[in-house]
Amino acid sequence: MLRISRYLSKMEIGQLLLSLVFTVGQIFFDLRLPDYMSQVTKLVETPGSRMSDIWKEGGKMLLISMGSLLCAIAVGYFMARIGASFSQRLRSLEFRKVESFGPAEMDRFSTASLITRSTNDVTQIQIFITMGLLMVFRAPIMGVWAVFKIAGKGADWTWATGIATVILMAFMAIIMALVIPKFKAMQKLTDNINQVARENLTGLRVVRAYNAEDYQEKKFDKANDELTGTQLFTTRVIAVMMPLMNTVMNGLSLSIYWIGAYLIKAAGAMDRLTLFSNMVVFSSYAMQVISAFLLLAMVFVLWPRADVSAQRVLEVLDTEPIVRSGSVTTGKNGESGTVEFRNVQFTYPRARKPMLEGISFKAERGQTVAFIGSTGSGKSSLINLVPRFYDVSDGQVLVDGVDVRDWDVQALRDRLGYVPQQSVMFKGTVASNVSYGAKPEHSEDVELADTSTAEGRRHELELIAASSDNVGLTDAQMEDVRKAGQVAQASEFVERMDGGWQAPIAQSGSNVSGGQKQRLSIARAVYRKPEVLIFDDSFSALDFKTDRAVRDALKTQAVGVTKLIVAQRIGTIMDADTIVVLDDGRVAGVGTHDELLKTCPVYKEIAQSQLSPEELEA
Ligand SMILES: Nc1ncnc2c1ncn2[C@@H]1O[C@H](COP(=O)(O)OP(=O)(O)OP(=O)(O)O)[C@@H](O)[C@H]1O
């Protein structure tokens, strides 16, 4: 929990210190009250006291109470502010950190856990800051101060308070020993429930199609019951805590008065009034000591969960992606549009066996290099090394003559137009999806925006607005969107949509078909005007005619752009300048279609399974 405080802004630290001052003020006022109470008691007991004197002392008590109230309000206000702005910053930082993650980091954390870590975990930290943080300071200050106030005011009463304190501490120790491990488990169980819910929602169609609702429900019920069971246990234990504490508190009050009654009975008439007043004061201070323990108990309720959450949030924030950015921003000797693999070996993190071995080829500027091979032969794995989703285990991948590990990652990816195997659409419009690469990249400024100040929050909003849906594309940009759409053979269906290029795209592109998504995804890559276009099996959802039309358009419209194409269909890649045939992560052949038909049995087998004898002869 302490380590996460390094993300507090200066303003928040200032507010925290101010709250601390107000807390000390509140304690001061609270501990002054018994003194006035003692005065009032004396006045009431002393024959001949005037009502106005009692009113005066009572008035002072009221003022002191008001002072305490105002301090409490100030503390509550500042702590709520700190809690809200700090958690906002943590969420933003986590979001940006996750954006820098590659597949390796995503595999390590899992999507569900990352969602819990930036929502539920941050909320636990916020609750602790708002409700528990100042108690950490308030409880000991109040306890020690109150002990000083009662020191020397009666050995018997002090003994009674000491015994009550020991009983309280014993109760608290038992309760904490019972609940802390459960609190730790609770966040993991929340991850679990998120994971099951997420899987169910994303796979809803399959669940329905296979009538697997019961199975899914059982899985969810199990996760839900586990979480509920743990929550019930901790809540029950904590529910017992308060009555126990109150019993001890009331027991102590009773003991003080009981002891007082004996002492007063044994004292002489002159001392009785002083003793009585001392007893009232002592009892008030003793209650303050016990209250300090009650506050500590509250801290112990909130702290363990917040501490676990802080560790989980820090785990994300402290993770440095395996793929680290280099510094090169231009190609070697002005080279442009070349991609070369030099004896590349690649092993997936946590895998024992290399997935790719001995891969070498070079794509010159403007050339088309295609990759074909059976399912699982490593085509996607190979292509993923170019944008550095993973790094090679051995050998080199060079873009424009520079090792991809030396490239500044942004500069490298700016040169590439990547079309993934599964198209991804974002909520927005057709145009905003196609022009996605034109958005300003997230700026370092955002990370530093101090959201604890009004100025910082305004700045953050401006930056968010600048990077949100680019509704206002310039005419030139809109022209580029249309051109990219034409190359990807998307214009026809887009123009038939309600709103044309401004037609809305639902979350995950659920209002367009698989083939349409694929075409928009291709348009998005073309729009960037990259040096290298990478198609990871991107033509598979297209019909043969569209596949052909897209490739023809690319030939005429994307001249000089290097194309790396992963494909299942021979027809898609037949005219490539070079075809690399993969078999179980090794190169089985490299050459043109005609060459490979003669020299590569694996390629010949694939070709024979897809083409007619006439096509093969042609
Ligand atoms: N993230 C990963 N971690 C570990 N192994 C992986 C990972 N992704 C893929 N693999 C393994 O790498 C192998 C090659 O997968 P890859 O996706 O590169 O094949 P592919 O040739 O593109 O197949 P397809 O044509 O079906 O898309 C597979 O055996 C797969 O199990």
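Note: Cβ is positioned from N, Cα and C throughout, glycine not excepted.
Automatic, uncurated: that is what TrEMBL annotation is.
Feature annotations, reproduced from TrEMBL:
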type: DOMAIN; residues: 17-305; note: domain 'ABC transmembrane type-1'
type: DOMAIN; residues: 339-609; note: domain 'ABC transporter'
type: TRANSMEM; residues: 12-29; note: transmembrane segment
type: TRANSMEM; residues: 61-80; note: transmembrane segment
type: TRANSMEM; residues: 127-151; note: transmembrane segment
type: TRANSMEM; residues: 157-180; note: transmembrane segment
type: TRANSMEM; residues: 237-259; note: transmembrane segment
type: TRANSMEM; residues: 279-303; note: transmembrane segment
Contacting positions for the transmembrane segment (127-151) when only residues 6+ beyond its ends and CB under 8 Å are counted: 1, 16, 19-20, 23-24, 26-27, 30-31, 34, 75, 79-80, 82-84, 86-87, 157-158, 161, 281-282, 285-286, 288-289, 291-293, 295-296, 298-299, 301-303, 305-306
Beyond the flanks of the transmembrane segment (157-180) by 6 or more, those residues with Cβ under 8 Å of it: 150-151, 233-234, 237-238, 240-241, 244-245, 248-249, 251-252, 255-256, 259-260, 279, 282, 286, 289-290, 293, 296-297, 300-301, 304
Intrachain neighbours beyond the transmembrane segment (237-259), with Cβ under 8 angstroms and 6 or more residues off its ends: 154, 156-157, 160-161, 164, 167-168, 171-172, 175, 178-179, 279, 282-283, 286-287, 290, 293-294, 297, 301
The domain 'ABC transporter' (339-609) [mean pLDDT, rounded to integer]: 87
